[in-house]
Amino acid sequence: MSSLSRELVFLILQFLDEEKFKETVHKLEQESGFFFNMKYFEDEVHNGNWDEVEKYLSGFTKVDDNRYSMKIFFEIRKQKYLEALDRHDRPKAVDILVKDLKVFSTFNEELFKEITQLLTLENFRENEQLSKYGDTKSARAIMLVELKKLIEANPLFRDKLQFPTLRTSRLRTLINQSLNWQHQLCKNPRPNPDIKTLFVDHSCRLPNDARAPSPVNNPLLGSLPKAEGFPPLGAHGPFQPTPSPVPTPLAGWMSSPSSVPHPAVSGGPIALGAPSIQAALKHPRTPPSNSAVDYPSGDSDHVSKRTRPMGISDEVSLGVNMLPMTFPGQAHGHNQTFKAPDDLPKTVARTLSQGSSPMSMDFHPIKQTLLLVGTNVGDIGLWEVGSRERLVQKTFKVWDLSKCSMPLQAALVKEPVVSVNRVIWSPDGSLFGVAYSRHIVQLYSYHGGEDMRQHLEIDAHVGGVNDIAFSTPNKQLCVTTCGDDKTIKVWDAATGVKRYTFEGHEAPVYSICPHYKENIQFIFSTALDGKIKAWLYDNMGSRVDYEAPGRWCTTMAYSADGTRLFSCGTSKDGESFIVEWNESEGAVKRTYQGFHKRSLGVVQFDTTKNRYLAAGDDFSIKFWDMDTIQLLTAIDADGGLQASPRIRFNKEGSLLAVSANDNMIKVMANSDGLRLLHTVENLSSESSKPAINSIPMVERPASVVSIPGMNGDSRNMVDVKPVITEESNDKSKVWKLTEVGEPSQCRSLRLPENMRVTKISRLIFTNSGNAILALASNAIHLLWKWQRNDRNATGKATASLPPQQWQPASGILMTNDVAETNPEEAVPCFALSKNDSYVMSASGGKISLFNMMTFKTMATFMPPPPAATFLAFHPQDNNIIAIGMDDSTIQIYNVRVDEVKSKLKGHSKRITGLAFSNVLNVLVSSGADAQLCVWNTDGWEKQKSKVLQIPQGRSTSSLSDTRVQFHQDQVHFLVVHETQLAIYETTKLECMKQWPVRESAAPITHATFSCDSQLIYTSFMDATICVFSSANLRLRCRVNPSAYLPASLSNSNVHPLVIAAHPQESNMFAVGLSDGGVHIFEPLESEGKWGVAPPPENGSASAVTATPSVGASASDQPQR
């Protein structure tokens, strides 16, 4: 917005204030973000109108803009929370804690725990730091003093706290001056003109005209009472301009049955919703010649009104009665020099020689180190980046020339050199598509390793195929293409049948971006004349016609979560633009700064982590924070990059592939990426090829994957410490199973017992790794904690030192409701929150929510029948719980609204296992009916089901439990049944490996993955504990009962009922026994591991591999 337009807003604000449109004044202040009315803010705080306070603030800043903003929102929400506690309105306080204060836990988890702890106090003033808290009125006044300091110090409020000095009724004066000037231009000026409208210019009419003007020098709209107006607080300073909305709304565009023409306006609005699949980056290429079109540069009128400076000035101290809040990286007394965040991939980890110049790259959506490359001579390559191995290299070849059109055959004869314009994987990685510069699209099916098979060849367009993307209209996987023939076409990905053709562009179509919002699916397309169009799958024409910044080569992409839309374009003059679109308002929200004045090629961009943008420009990779228009940092990758390098992130943002000179590809990595590559490299050095019937290798970076455990829990692992051991490859040595038969051959510890219980039904290590929680068959919970001391500096669980059985000073126990059920018949289940503060549990009665610090019961819900038998949190929303029931149903329950959202029916007996995959967006369930079901978490529809394969000759008890737990790759899962261990692939629900229990052997009681998914710890009815290699389900170590049970119990039928793996130490596990005891196990320090992996079958190792810091088996709240 220009400075004059900004000043006009101030004039309107003054006019509204004078006319006493009070609510409208403050609404315009908020929406424009030009003037922060401190007096109005103070009044709303004093009155406790917290919703209005936050709504008003939202026009100027957001919670995560900077530390000042974060503290402002924190103090407001904390005050609202304390007032609810002071009124003894516990439900409201809990609601504020979950909805408003939870966001701060990621910055200061200890503080959030302390705030949560206030719920357990009768009077929160018992907290030492809040002991001076007075009444509500005085507390608000004290807080307001601190808020004013924070606002005045916040750079986002700079130049917004003073209203410009204006004469009274300045807008009226300007209009009257204009009317006087108009009257002077009248050809027949009348002495007493009558001004009846401002909608058209004034002109005195002849005497025979019907209109009778009034004196022009009368005040506008007559003499009206004047308000006091805004105080003259001094001149305003400079302000960053904002994007101006375009008068071409797209409201209702989806309801129009035919093409609706719109005027082409620079930076026009794109009012569309959020997608399901992130649009991929586009490659630069040489498009056909088009006439040049002028377009505003990045420093013109497309800049956000909210700039976020990197430098932060002095901190403001907090009041004595405030809980102090500090955040990472906080500096005192000095401005900070910004440093590139550690989660950006900045280290050159791999350099790959492709052989020809890369034009397009795409990482596999699940196998995070698998990179697909297309080059300028039509080659495609498939790289395992971790091992630096090129798995596949294919040159361009038409599969069936006889089926090609004559124009294509003629084009290939005239110019046989064909370039790859785009490569892209399907959402599940089972297919990939290649778009070529000559007519052709080829689809390959991928089956792991080097197994790449021809699937479909489509003669798609006349001329080049410029882009290709996958979409799922009507839940049918399709391939969408665009080309030089100015069309967009949609093809059935299974058969190659053309479903739709979209025509309407007047220039070659450069890129496409499929997208869906709710149940409406559509496609964005951009052409080389700068036009952006949107299409529904209905052959009814374009719904949108706007112009993109740069008016030439433009691509569009969404953030990974589909909530934010970006476009990147380069003009024919080399000016490049990245902008974010405000879909709800239909305007350019912000234009990012930092491009070279004249880019030396078409700039390519990508997004990652719902936070960063990256683009290849000026022989470097440039990064932006999505919320800040200024350049975050630029990296040259040790030099040697192309002028406008092609770039591509892997799905989790831990790796970034960048094209370089001399046909090279550089792969950048952050710390997670380096660990991922290191693990893959170590594993590949042990075996070069996967075993027969092995599971394809799938890696996931450490920071995002949560592994659902056998106890219905899924833990987000960030500090797992895998032990990458050097297994012997000496073929001359004979492998021997490791047997542990004496207490001296391992480290084991029976945890001390303050009370006797009959048997342990469920067992969990806490997420922090310093405690164990057990649920006994009598519905009582037991908690052991290790203390930090000289002998245990970390305070983590260890078999070398006994923990303390912990209980609060009140002496109360966490005891589940048992209703009228027989404890022996009840099925206990529980789930632990990721911050270890709460446990949700049931033992045949109501489900209870306990505070782990005080052992108090916070809530109970869902009384039987039916009774809960398994609990699992949804990986994207901690308020959604999947609850398995004893009536064979699965209830999808929303804790916040206390409502069952869906009821899933597919089993015939009680539910015994649930596990979520946040990669495949599915829920896998298992039941006492030995059946496995896969449910889609989007609509909770059953996708597949299969009855467990019971080994031949084995009988099974009528209510035998079947447990499921996802491997760290989130694609394969472990099935545990008394007759077997099995590994299944989820998408096909196919058994990949099975280890059956011999007919004469003791049945399995429980099993779980180690935290890195490399091992499977398994307990048996005869008290034996076995350790298997998860890659091939081969036994590597056996712990006999004599190693941990005293001789007096050797013939007493005492055995493990449940087993749990430590969340960070991959060689530590614990078992819960049928006599109520809990044992923890570790290998001897001299050994460091449980046995040696058996030699690979048929001379090769299986390829289910682990990543360095992912996994778990026993906690329940994954990160959202």
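Backbone N, Cα and C atoms are what each Cβ position is placed from, and that goes for glycine too.
The annotation domain 'LisH' is assigned in Swiss-Prot to 4-36 on the grounds of sequence analysis. Here the domain 'LisH' (4-36) has, by DSSP, the following mix of helix, strand and coil residues: 26 helix, 0 strand, 7 coil.
Swiss-Prot lists 34-92 with the feature domain 'CTLH'.
What Swiss-Prot lists as region 'Disordered' is 210-235 (among others).
Positions annotated as phosphoserine by Swiss-Prot: SER214.
Among the features that Swiss-Prot reports, region 'Disordered' is placed at 283-307 (among others).
The repeat 'WD 1' annotation in Swiss-Prot covers 353-393. Counted with DSSP, the repeat 'WD 1' (353-393) comes out as 0 helix, 23 strand, 18 coil.
Counting only same-chain residues 6+ beyond the ends of the repeat 'WD 2' (415-454), those with a CB under 8 A from a CB of the stretch are 277, 280, 282-283, 285, 359-367, 372-380, 382, 391-392, 394, 396, 398-399, 404-405, 407-408, 460-470, 472, 477, 479, 481, 491, 493, 496, 689-690, 696-697, 920, 987, 1103. Here Swiss-Prot flags 415-454 as repeat 'WD 2'.
Distant neighbours of the repeat 'WD 3' (460-501): 276-277, 279-280, 282, 285, 288, 405, 407, 421-422, 424, 426-427, 431, 433-441, 443, 507-514, 516, 521, 523, 525, 527, 535, 537, 539; these residues of the same chain sit at least 6 beyond its ends, with a Cβ under 8 Å from one of its Cβ atoms. The repeat 'WD 3' annotation in Swiss-Prot covers 460-501.
Under DSSP, residues within the repeat 'WD 4' (504-545) fall into helix, strand and coil as 0 helix, 27 strand, 15 coil. Residues annotated as repeat 'WD 4' in Swiss-Prot: 504-545.
Swiss-Prot lists 595-634 with the feature repeat 'WD 6'. Residues in the repeat 'WD 6' (595-634) partition by DSSP class (helix H, G, I; strand E, B; coil) as 0 helix, 18 strand, 22 coil.
Under the heading repeat 'WD 7', Swiss-Prot lists 639-678.
What Swiss-Prot records for 699-745 is repeat 'WD 8'. The average pLDDT for the repeat 'WD 8' (699-745) in the predicted structure is 55.
The repeat 'WD 10' annotation in Swiss-Prot covers 822-860.
Per Swiss-Prot, the feature repeat 'WD 11' maps to 863-903.
Among the features that Swiss-Prot reports, repeat 'WD 12' is placed at 906-945.
Here Swiss-Prot flags 999-1038 as repeat 'WD 13'.
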| Non-local residues, at least 6 beyond the ends, that sit with Cβ under 8 Å of the repeat 'WD 10' (822-860) | 94, 105, 109, 112-113, 116-117, 119-120, 711-713, 715-716, 761-762, 764, 766-768, 771, 773, 775, 777-779, 781, 783, 807-808, 810, 812-814, 816, 867-873, 878, 881, 883-884, 886, 910, 912, 1114-1119
| task | Please work out the helix, strand and coil residue numbers for the repeat 'WD 2' (415-454) from the DSSP assignment. | result | 0 helix, 22 strand, 18 coil
| In the same chain, which residue numbers or ranges, 6 or more beyond the ends of the repeat 'WD 11' (863-903), come under 8 angstroms Cβ to Cβ? | 95, 98, 706, 708, 712-714, 817, 819, 821, 826-827, 829-831, 833-834, 840-842, 844-847, 909-918, 923, 925, 927, 929, 935, 937, 940, 1116-1118, 1120
| message | Can you break down the repeat 'WD 13' (999-1038) into helix, strand and coil residue counts using DSSP? | response | 0 helix, 22 strand, 18 coil
